[in-house]
Structures are given as structure tokens and as C-alpha cells.
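The structure appears right after this line, and notes come after that.
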Amino acid sequence: MRRDPSSRRLLLLLATAGLLVVVFVVRWIAEKPTEIAQSDFVPLQVAGVILREGHAAQLYDPVLQSRVYAAVVQGSHPGTLFYIHAPIAAVLMVPFTLAGLDAAFRLWGLMQLACLVAAVVIAAQAAHVPRHRGRVGALAAGVGLALPATLAMLLEGQDVGMPALLLACAYAAMRRRSPLLAGALLGLAALAGKPHLFLGVAVWILVWGDRRLIAGAIAGVAGAMLASLVAVGPGGIAGFVSALESGRSDFPNAQESVAGLFSAWTGGGRISTGLTVVVTLAALAAVALAARRGAAGRISLESSLAVAIVLSLLCAPHLYPHDLALLAPVFAWMTVAATGRDRDRGRALPGAALFALLGVWVVLAVCLSVDGSGTLPAGAGSLAPYALVATALLVARPPSVLGKGPGRGQPV
């Protein structure tokens, strides 16, 4: 029996994405104890230990963190990487602190990878197309997972998987016309670790204009704040706010946002801040436009929300390669959307729309790889901001075969 050419091409793309994911996992398994002790996972472990030992109110105390940090790494890493994530992430870490650093790193990585896998699967299933559903869904999941940000998340032991899963669930809720639930999930995602990555998403929620979506977001944020208050108390909350205000990176040229780019160009200072503010306002205006067009049905929900997430990352105060793992569910649902657009136009798969999306994916992947290699001059900054702009421009497309999504005022 002769196989459909479209199926063969989809399987080839799927095999390529799957191979990349396998390479990521193998590299993560090969992580040495000395590398683990120098990773971003250590501050998470430190935060979990502080909570487990009953010092929740002093969670963000730099002196206490330094002391616990030294005990955790046992001299394997000089200096201290401070914990500045939201309190909820520290609460999630507590059970993992019962294991040693190496074992906790592996278990935590497995959980984050499982969350990321669930995120791309949920996103792909929520944005399904009838024909080639199984292969398209698998390809969408593979494209989302194969971004180098997944490897960076694993190697650094970062906590990006859980927010990515909540983003995917929020998208699925919007597809099912449940804006109240979607808003709650987005609010919870913002406070699950890194609120500074969700500024554009907050603008998108407000401008979309559905009162149920806004009410859900308020409820999600309030619930997360209440949980944080219960976990660390008023003193811990005050420490978190102080840490956010003072938690500037010591390595601005390594950042993937416009803030890091302009800092690299100018050396920091008022000029860098001014340029960052101007571009951030422009990015948020673009998010507002995408939200308004999405609510009116002029572009798809997929495109509108994707623009919001991509530009949220672009204008984040600080952004690192592992943070871009938040794009995994975005690339998953946009892969399905592009496939649907090609099928609607009667093209063999993969068609022009899917190739365009894969093209910008390759550009972003290459930029992340080059940035991570450290080969660029310090004054050049990072390449990822340019790729994020290209991604935002590509995904801001008219409605696909998936339909207009649950725009404002449509029945649920």
C-alpha cells in the first residue's frame, strides 16, 4: 500500500523534531554533579530548604540564602545565586529537598519536562484539525519541545514547565469558550514563578475585554497571592517585592529581551532605559492591537494570544534562553493552525504556511544557539530579540481554518 506523500513528509519532520528532543534528554542525563552545583537549580533548592526548615518569613533574606546556599553546594560553587522567583515555586520545591542535590535536580527536571510535554500535547489537541490529526498533533508537540530553550531549561533546572502548562490549559479553555477558567489559569501562571514575563499577557486580558476573562484573571492572581501569603507570610511577600525591585542581572549581555540588547549596545544607563521603555510601550501597543483584533474576530485566537506571549517575552525586564520554553505550547498550537491553513487552501502538507512557521522556528533556534555559545562580541547583545520580533510578525495572521475563536461578545 502506497503511503500518502503528505504523511511521509510529516513523519520526516516529526522524526527530526523527535531526534532533537532525544538529544536534549541525553545531554541532560549527562549533566555532571559539578555542573548541577553551578546551575540555576541551586537557588530553587535553597528556597525549598529554607521553607522546610521553618524560615518562610526570611525566604528572600540574602544572608540566610547565602548560608543555606553554601551548605547545599558544599564548596562546589563560589558565590551565591539568589532566589528571586515567586513564593509558589519555593513551595513546590519543598518535597524535592528531601533528596540530595543531584537526585533533586533529576526529579525536578523530570517534573518540568513532563509539564512541558503535557503543555504541547494539550495545546495541539485543543487546536486540532480533522485530517492527519494524529501526525499533525505529534508534529506540533515535537516542534514545541525541540526548541533549544527546552535543553536550557533542563540543564539549568529551571521552573518554566509549570507556567507553560498553565498557559496551554488557558488556551484550551479559551478554545472551549470558558474565559473565566482561562483568566484564572493565566493569572496563576503569572505568579507561578516569574511574573515579569507576563506583562503583555496582562494587557491582552484587559484589551480582549471579556469581563469573565478579566474576572478569572483577578481571581487567579488573588488565589496565588493568598497561597503565597499563607506560605511565607507578610514578611516573605515584602521580601519578594524587594527582590524584584533590586534583582537586576549581573550579566545583561546574556539576556534575550530588548532590555539586555540595549544594555549591551549602550553599557546601560539612561539611554538604555529610555530605549527599553519606548520599545516596551510599542510592544504592548502591538499586544493591545492583537487583542482587539482577536476579540473582534479579525484574527484567530491562536494568533492573538501568540502575539501577546511572544511580545511579553520580548519586553520582559530580564529574559534568559530557558524562559523561552514558554513558547513550546505557542509553537504547538501555531503548527496546527498553519497546517489547517495549508489544508484549507488545498495544499499538500507541509505547505507554505507550515514552512513559514518552521522557518521562523529555525531562525529562533539558531539565534538561541548562537547566543548560548558566547561567540558574539559583548557589545553586540543577543540575537534572540530579532527572532522574537520576526516570530510575532509571522504569527499575527488572519483567521485560519480553526475559526475566529471565542471573540468578545460571542456566546459560550
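Cβ coordinates are placed from backbone N, Cα and C, and glycine is handled just like the others.
Taken from TrEMBL, the feature transmembrane segment applies to 12-30 (among others).
Among the features that TrEMBL reports, transmembrane segment is placed at 103-124 (among others).
The transmembrane segment annotation in TrEMBL covers 136-155 (among others). Among residues of the same chain six or more beyond the transmembrane segment (136-155), those with a C-beta under 8 A of the stretch's C-beta atoms are 10, 13-14, 16-18, 20-21, 24-25, 27-28, 31, 35, 39, 109, 112-113, 116-117, 119-121, 123-125, 127-129, 161, 320-325, 327-333, 335-336, 339, 349, 358, 361, 364-365, 368-369, 372.
Per TrEMBL, the feature transmembrane segment maps to 180-206 (among others). Sequence-distant contacts of the transmembrane segment (180-206) (same chain, at least 6 residues past either end, Cβ-Cβ under 8 Å): 85-86, 88-89, 159-160, 162-163, 166-167, 169-171, 173-174, 212-225, 228, 244, 280, 283-284, 287-288, 290-291, 304-305, 308-309, 311-313, 315-319, 323, 326.
Among the features that TrEMBL reports, transmembrane segment is placed at 213-241 (among others).
Panel annotation: around the transmembrane segment (271-291), residues 199-200, 203-209, 258-259, 262-263, 265, 299, 303-304, 307-308, 311-312, 314-315, 392, 396 of the same chain, lying at least six beyond its termini, place a Cβ under 8 Å from a Cβ of the stretch. Residues or ranges marked as transmembrane segment in TrEMBL: 271-291 (among others).
The transmembrane segment feature in TrEMBL is assigned to 303-320 (among others).
The transmembrane segment feature in TrEMBL is assigned to 326-341 (among others).
According to TrEMBL, the feature transmembrane segment maps to 348-370 (among others).
Long-range contacts of the transmembrane segment (376-396) within the same chain: residues 253-258, 260-265, 286, 290, 299, 302-303, 306-307, 310-311, 313-314, 321, 324, 327, 330, 334, 356-357, 360, 363-364, 366-368, 370, each at least 6 residues beyond the stretch ends and with a Cβ under 8 Å from a Cβ of the stretch. Here TrEMBL flags 376-396 (among others) as transmembrane segment.
Within the same chain, residues 152, 167, 171, 174, 196-201, 203-204, 208, 248-249, 252, 254-260, 276, 279-280, 283-284, 286-287, 290-291, 293-295, 326-327, 330, 333-334, 337, 385, 388-389, 391-392, 395-400, 405 sit at least 6 positions outside the transmembrane segment (303-320) and bring their C-beta atoms closer than 8 Å to a C-beta of that stretch.
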